[in-house]
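K.L.:
Pasting the relevant annotations from Swiss-Prot:
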ACT_SITE  HIS89  active site, proton donor
BINDING   TYR23, ALA57, TRP58, GLU59, CYS81, VAL82, ILE83, PHE114  5-amino-6-(D-ribitylamino)uracil binding site
BINDING   GLU86, THR87, ARG128  (2S)-2-hydroxy-3-oxobutyl phosphate binding site
Amino acid sequence: MPSIDGTTGNLPSGRVAIIASRYNANICDSMVQAALQSLSDAGIPEDKQWLIRVPGAWELCWAVEQAFQHADVIGAITLGCVIKGETTHDEHINRAVSDTLMEQAVRSGRPVGFGLLTCNTVEQAIQRSGGAVGNKGHEAADAMLEMLRLQTKMR
């Protein structure tokens, strides 16, 4: 049975929006640098990397919607960090943002790399933004790039 994937192949031309929260800045900044490195490593020139900063995770979806109003934006990478507090605030934010980002990707036909950390502790977030567990900025960017390559092959 023939199969295809997006691990190799050509990328379409266009801009990639990297939309990142300023909240929990040290964690998000590390993920931004990792995502930018992944894009550069994949051959996306710096002038095609559109970095958009938003206040927090809640605003990621709005910025994706605005970025996708530009026809030359071929995909987005969303980066943020929500750390559990004493209330259920984090659960509401995490669910709403996750659901909306998936809906935006499906509706627009453009991939959205999901780099929203949903951690119980600051230490967990640090470990996932360049620590022992890796960097979700790389993972979100690499997933979006793979989906762009797959999309190119499926057309």
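Each residue, glycine too, has its Cβ placed from N, Cα and C.
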K.L.:
Would you mind reading off the Cα separation of CYS81 (5-amino-6-(D-ribitylamino)uracil binding site) from ARG128 ((2S)-2-hydroxy-3-oxobutyl phosphate binding site), to the nearest angstrom?
P.N.:
10
K.L.:
Could you state, as a whole number of Å, the largest distance between Cα atoms of any two of TYR23, ALA57, TRP58, GLU59, CYS81, VAL82, ILE83, PHE114, the listed 5-amino-6-(D-ribitylamino)uracil binders?
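P.N.:
The 5-amino-6-(D-ribitylamino)uracil-binding residues span at most 17 Å between Cα atoms.
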K.L.:
If you count the C-beta atoms lying within 10 Å of each candidate's C-beta, which of the binding-site residues ALA57, CYS81, ILE83 ends up with the smallest number?
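P.N.:
Counting other Cβ atoms within 10 Å of each of the binding-site residues ALA57, CYS81, ILE83, the minimum falls on ILE83.
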K.L.:
What is the number of other Cβ atoms found within 10 Å of the Cβ of VAL82 (5-amino-6-(D-ribitylamino)uracil binding site)?
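P.N.:
Taking all protein chains shown, VAL82 (5-amino-6-(D-ribitylamino)uracil binding site) has 23 Cβ neighbours within 10 Å.
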K.L.:
Helix, strand or coil at GLU59 (5-amino-6-(D-ribitylamino)uracil binding site), per DSSP?
P.N.:
helix
K.L.:
Closest to GLU59 (5-amino-6-(D-ribitylamino)uracil binding site): which of the recorded positions GLU86, THR87, HIS89, going by Cα position?
P.N.:
HIS89
K.L.:
Measure from the Cβ of TRP58 (5-amino-6-(D-ribitylamino)uracil binding site) and count the other Cβ atoms within 10 Å, all protein chains considered.
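P.N.:
Within a 10 Å radius of the Cβ of TRP58 (5-amino-6-(D-ribitylamino)uracil binding site) lie 17 other Cβ atoms.
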K.L.:
If one looks at the chain holding ARG128 ((2S)-2-hydroxy-3-oxobutyl phosphate binding site), which residues at least 6 apart in sequence have a CB under 8 angstroms from its CB?
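P.N.:
Looking at Cβ-Cβ distances below 8 Å from ARG128 ((2S)-2-hydroxy-3-oxobutyl phosphate binding site), excluding near sequence neighbours, one finds LEU117, CYS119, GLY134, ASN135, LYS136.
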